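Chemist: The structure is given below, and queries will be raised subsequently.
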Amino acid sequence: MSSHKGDGNDSMSSDEDANEFRSHIQLPRVDLANYRKQHQRGSSKTNIAKAGKKLKGKSVRFPDSYGPRDTILSNSSTTNNSTESSGSSDEECDDPDSRLPSFKFNATDVKGESGDAHEGSDGSSDGGSDDESRGSIKFSDSNDDSDREDERRSRTSRGSVGSSSSKPLKGSDDVNEKETNLDHDYDPQEGGTDITDQWKRTQSVSSSSKSFDGEKHSGIKGIFRKFSLADHHGAHGFSNDYEEPSNSDTFLGRVLSFGSGGGGGGGLIPGASRRSREKEGDEEKEVGGGGEDDGAVEMKRLDFSQLNNEAKKLIAVHVPEAANMDQSFTYDEPNQSAGSSRNSTAPLINPDNAQEADDDHKHTDDEDQGKHGFYAPNLDYIIRGNDDPEDQHLLLDESGEDGYIAPPKQVHAGVLSSLLKLYQNPQDEKSSASLSSRAPSDGKTLAEEQEFGTDMPYHMPTSSLDFTKLKSGPQKLVNKFTHRSNKPQPGKEAEADDEDEDEENPDQAYEKANLPSFQNARPKAPKKTIDPVNVSSKFHKKMKRKKIQQQKLRITVHISDILQRQRFIMMICKALMLYGAPTHRLEEYMTMTSRVLEIDGQFVYFPGCMIVSFGDAATRTSEVHIVRCNQGVNLSKLSDTHTIYKAVIHDLISVDEASQQLETLVRKKNQYSPWLSVFLYGFGSAMVCPFAFGGGWLDIPVTFGVGLCVGYLQFFVSSMSNLYSSVFEITASIVVSFIARGIGSINNSKTFCFSAIAQGSLALILPGYIILCGSLELQSRNIVAGSVRMFYAIIYSLFLGFGITLGAALFGWVYKNSTSDKKCRTSHNVNDKYRILFVPMFTICLGLINQARWRQLPVMMVISCTGYVGTYFAGKHFSNVPEFTAAIGAFIVGILGNVYSRVWKGMAVSAMLPAIFVQVPSGIASQSSLLSGIQSADQITHSNSSSDSSSSDSSSSLSFGSTMVEVSIGISVGLFAAALVVYPFGKRRTGLFTL
């Protein structure tokens, strides 16, 4: 390997370098004054030489958002060449490459190039090579290829986006890696660099690169280039790969917000517009870097056995005494036996009593765990006591599967209190005898206070005796009567000091382990010799030391257990919100989960957001998390989430296994592609047209075609643009109304029905789901979330009405004799005995669009058809009261769904939701309020309108919103009444998973 010469410093021989496998690069000290003089000598010749080198050499340009890191060390070859030859110093300083931030290398990393270095060392010592005189470093042979590739890419893509200019050099990552490898080898005494000199070099290269970039991309072309490169770099200031930019990174893409995902819709297919063309982002990949050549660490699957070994090593570092203990603390694999989900620390604490702890569900009454300080008092239980009317469980079956779980008297201690307890020293040492006059409560640690705090509900009496005096009293009496001297024997003194070193000076052991200590500073008592007669004290001290070590291990495992449980609670919350769990019962689900896992948690739900607070009673603190997501409906994933939720609640699987299953479920793709969903969208529109809106046989294919257009707008266009998703409902209703009125006007409305085509095509974007959730939340006393959803649903309905009015008016301007019928003729309708055949087909379409499995469809069809029969006959008697018919149909649906959940142990939500969606179009069609704006369209196209008619039309334009509210109120009343009949006392263990 080549050795470098310095100013007065001796270098090692090549044989020594080969033996030690590294080179000691000795860097000279750069003279700042000499550097300035060299710059002041610049003449016209040197300026011409500078310009020529700039044109010949390839300048390294960084993007505007990326600045090279300021390194303390300069390039070894550059600085050595500047001191060895004065003739090449001017060229080196003038060369822009020399101003780049320099790097240092570890010889072990470039060991493969040692042969080339040996060959080039002779030449460089004689005359010096071109590369060394210019101060450039050859990283590897692939750099030349990458430079040629960069030049070719810059020529080909210079006019388009210019993404190659924003990519870092491939060798820069290697340099950064090698720079970090040699940080520990640098000695500032051997050779250094002036920091101001290095700072000036960095500033000069950044300014020169920016000026050169500005000259090259000036004018309109440069402006568009800046727009296209806006926010194109990653979180670290540069892109991770050399691929072409996606649509979301270009100027047009940012205007239309391609790939942003859009917001969730409010129709019968919530979340359909949340699909994106891009892959779902991986947070770990974004943090660690997803490029192949970015030098980031590849994220791999978690190996829990390996983590267990690492945790043991970490404990051994912090607590060295734990290495000599009995290795009885083994990791509990995920495929453990049933009943070990909540007591995951039990095998680590006491393996013999693990089975006993699993058999008893009420872990809070276990006094052994309370002694270890793992539990803290449940403040809610202390405040309200046992007189909570909501927790009366006298009429519930505790022995059954859904047995009642009372609010725990104690919950797991928080993370902060456990950390403080882990790093606090015990206060019951002999050093406390010097301050025996102090009150015992003043010397308590947080661990001792927490142990007393576990018995707060029982108000245990306290004593004012000073037990520290009792400890020293008997010893003084023995010494007094036996007249023994305090002089230790020579052979026993060293042994006694070694035995009691940790006990007499507890801070010294913590200093050895480099642990922080939160103990109050107090004077230490002088060392006392141990009486040889008192042999039993040694045994007690050993046992006490072992007990403290076991307590530290328990606390360490307890902290990881608490973090795992809190993470699972947030994951299950996000999954339930994503896949369409009943929003008015989300707080109940989370409360039940935290109660079973013995976590002190409080939950507040807002639309699209859940605020989670984990309390710590010992430190009077709380940790607040906000879980946000775009809510939608995915019936298959909702069923899987419910299965995982029930398995954890009933102690069938552990928390870590449930977390792994949830992660796998979230990453799983949807069952049906967007193109299939568009086809199902059109098929569903065709099926709902005859039985809900009175369409004929000829209206079915027309409605199918128009429904395909609406489905494409929702699943493709709306999912690619955030801006368009805001006006999707208006544009879809305009297109549908325009096409439907044009087709309905053929042959003077004798062939096709305008109202059936228009309402059938818009049936799947009716605000049925969101207004249903709003009414259920209002009825369950969740005023904030219910009011927000209800008001949004009303405005959403007005959007649809405005779009229908505008589309009909546009066609009225084109064709003066357009139809204005809001109802189909009686002779045009399908016979009533055939309408029931379209209901199961529409139910299948609704289930498949919402990603339901095929095995879930039979139950959906039975419940949906039964509910429609009730609605049909109720509509014959209450023709003008849509809320009555909706309430009767929803009551039937709720009874069947809850019975299915209770008898066959299914999930009522997935079985009831398509049946409820069938009730919404039927209620809307009873008054034809969706086409109430057709009169306003006629008013716009005909100028002879009076003030009376305009006032009546203003009231009719709001009729669609009022009809939606009436239908939703009837549905919510029917659902709550059905839940009351089937579950008169509710489900106190898992929560009622129904609408």
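Every residue number used here counts from 1 along the chain in the order it is shown.
Including glycine, each Cβ sits where the backbone N, Cα and C put it.
Per Swiss-Prot, the features are:
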REGION    1-217  region 'Disordered'
COMPBIAS  74-88  compositional bias 'Low complexity'
COMPBIAS  110-121  compositional bias 'Basic and acidic residues'
COMPBIAS  157-166  compositional bias 'Low complexity'
COMPBIAS  170-187  compositional bias 'Basic and acidic residues'
REGION    253-299  region 'Disordered'
COMPBIAS  283-296  compositional bias 'Acidic residues'
REGION    326-407  region 'Disordered'
COMPBIAS  359-371  compositional bias 'Basic and acidic residues'
COMPBIAS  385-396  compositional bias 'Basic and acidic residues'
REGION    425-508  region 'Disordered'
COMPBIAS  495-506  compositional bias 'Acidic residues'
TRANSMEM  678-698  transmembrane segment
TRANSMEM  700-720  transmembrane segment
TRANSMEM  726-746  transmembrane segment
TRANSMEM  752-772  transmembrane segment
TRANSMEM  794-814  transmembrane segment
TRANSMEM  833-850  transmembrane segment
TRANSMEM  858-878  transmembrane segment
TRANSMEM  881-901  transmembrane segment
TRANSMEM  906-926  transmembrane segment
TRANSMEM  965-985  transmembrane segment
Chemist: Three or more CB pairs closer than 8 Å, sequence separation of 6 or more: does that hold for the transmembrane segment (833-850) against the transmembrane segment (906-926)?
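Modeler: Taking Cβ pairs at least 6 residues apart, the transmembrane segment (906-926) and the transmembrane segment (833-850) are in contact, with 3 or more under 8 Å.
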Chemist: Is it true that the transmembrane segment (794-814) and the transmembrane segment (678-698) have 3 or more Cβ pairs under 8 Å, skipping pairs fewer than 6 apart in sequence?
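Modeler: Checked: the transmembrane segment (794-814) vs the transmembrane segment (678-698), no contact.
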Chemist: Looking at the transmembrane segment (678-698) and the transmembrane segment (752-772), are there 3+ C-beta pairs under 8 A, with each pair at least 6 apart in sequence?
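Modeler: Yes, these stretches are in contact.
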Chemist: Would you say the transmembrane segment (752-772) and the transmembrane segment (700-720) are in contact under the rule of three or more C-beta pairs closer than 8 Å, pairs 6 or more apart in sequence?
Modeler: yes
Chemist: Mind checking which residues reach the transmembrane segment (752-772)? Cβ under 8 Å, same chain, six or more beyond either end.
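Modeler: For the transmembrane segment (752-772), the far contacts come to 265-270, 633, 681, 684-686, 688-690, 692-696, 698-699, 702-703, 706-707, 709-711, 714, 729, 732-733, 736-737, 739-741, 743-746, 789-790, 792-794, 796-797, 800, 804, 819, 821-825, 828, 849, 916-917, 920-921, 924-925, 928, 930-931, 964-965, 967-968, 971-972, 995.
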Chemist: So if I exclude everything within five residues of the ends of the transmembrane segment (906-926), which remaining residues of that chain have a CB under 8 angstroms from its CBs? That is, six or more out.
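Modeler: Non-local partners: 268, 580-582, 633, 635, 638-639, 642, 688, 692-694, 759, 763, 766, 768-769, 772, 839, 842-843, 846-847, 850, 852, 856, 859-860, 863-864, 867-868, 871, 875, 879-880, 882-883, 885-886, 889-890, 893-894, 896-898, 900, 960, 963-964, 966-967, 970-971, 975, 993-995.
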